[in-house]
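Asks: Per Swiss-Prot, substrate binding site is recorded for F63, I64, V65, Q66, H67, Y125, R129, T266. Among the features that Swiss-Prot reports, heme binding site is placed at H252. As annotated by Swiss-Prot, region 'Disordered' applies to 1-20.
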Amino acid sequence: MSEPIQPTRPAASGCPMHGAQAESWHDAQMDFSKSMSYGDYLALDQILNAQHPRSPDHNEMLFIVQHQTTELWMKLMLHELRAARDCVRNDDLPPAFKMLARVSRIMDQLVQAWNVLATMTPPEYSAMRPHLGQSSGFQSYQYREIEFILGNKNAAMLQPHAHQPEHYAQVKAALETPSLYDEAIRYMARHGFAFDADCIERDWSRPVTYNASVEAAWLEVYRDPTHHWELYELAEKFVDLEDAFRQWRFRHVTTVERVIGFKRGTGGTEGVNYLRKMLDVVLFPELWKLRTDL
């Protein structure tokens, strides 16, 4: 009779948790003395050493990381929004659809991020608040540029950046440049849609306001989306984006109210009352009104 077959012992997984030699771990490269590593590529030493709490409170690290990661996401939003605006300006709409969809998903990510900050209770925030000075998200130059590129222009909002000339120049350029929505209207004018003259050439530092000729043009698109498919798709991407932006703003309001109530903000604003007023801002008014008028 033949010998019984012995069960085969599984080969070592190579996982460091199972005691395998590092050199054999799935043939992965382990020596980065002469090549770029993950940490090198991402500049992790700089990023992970950029958190400098000013209080002894444990929860300040959460506050700092929350806002730093938000700034990183906003950097990507600006990267996509500027590129999308360039596409529209250059009569090349399809690439802009992906860029705008990505911005909307980033905003979804930021909506969820408020849930993390909401784990900070009022006593925990109060312990670190005296150490914040006058610093406030109100002063974020990237956020201000996002507002401006989306059409919510306000020249008074340049002043918080006057102490940093490079940032001031960047935000001022965004204020004085046609917004993404302005470029969409100019695109439509180049393709045969009729608009009031001041929709095409105006003081670009002024905010977008409702205009009947703009709504009439979008109504034409929405009444025959097949014929105007690219413009229809662009319009819906705008609506998706504003919908996500509204949710981001709303979660900001509710999180602030939950953590600090109706105290004034560290930057001097009315806090929750100021943030609630911002909920009334409409970025693309004609695209919302036409839903009633169709």
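Cβ coordinates are placed from backbone N, Cα and C, and glycine is handled just like the others.
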Asks: Taking just the CA atoms, what is the gap between F63 (substrate binding site) and the residue listed as 'heme binding site' in Å?
Replies: 14
Asks: What count of other C-beta atoms do you get within 10 angstroms of the C-beta of Q66 (substrate binding site), across all chains shown?
Replies: 16
Asks: If you count CB neighbours within 10 Å, which one among the binding-site residues H67, R129, H252 has the smallest count?
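Replies: Counting other Cβ atoms within 10 Å of each of the binding-site residues H67, R129, H252, the minimum falls on H67.
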Asks: Within 10 Å of the Cβ of Y125 (substrate binding site), how many other Cβ atoms can you find? Include all protein chains, please.
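Replies: There are 21 such Cβ atoms around Y125 (substrate binding site).
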Asks: State the count of C-beta atoms found within 10 angstroms of the C-beta of V65 (substrate binding site), not counting that atom itself.
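Replies: V65 (substrate binding site) is surrounded by 14 other Cβ atoms within 10 Å.
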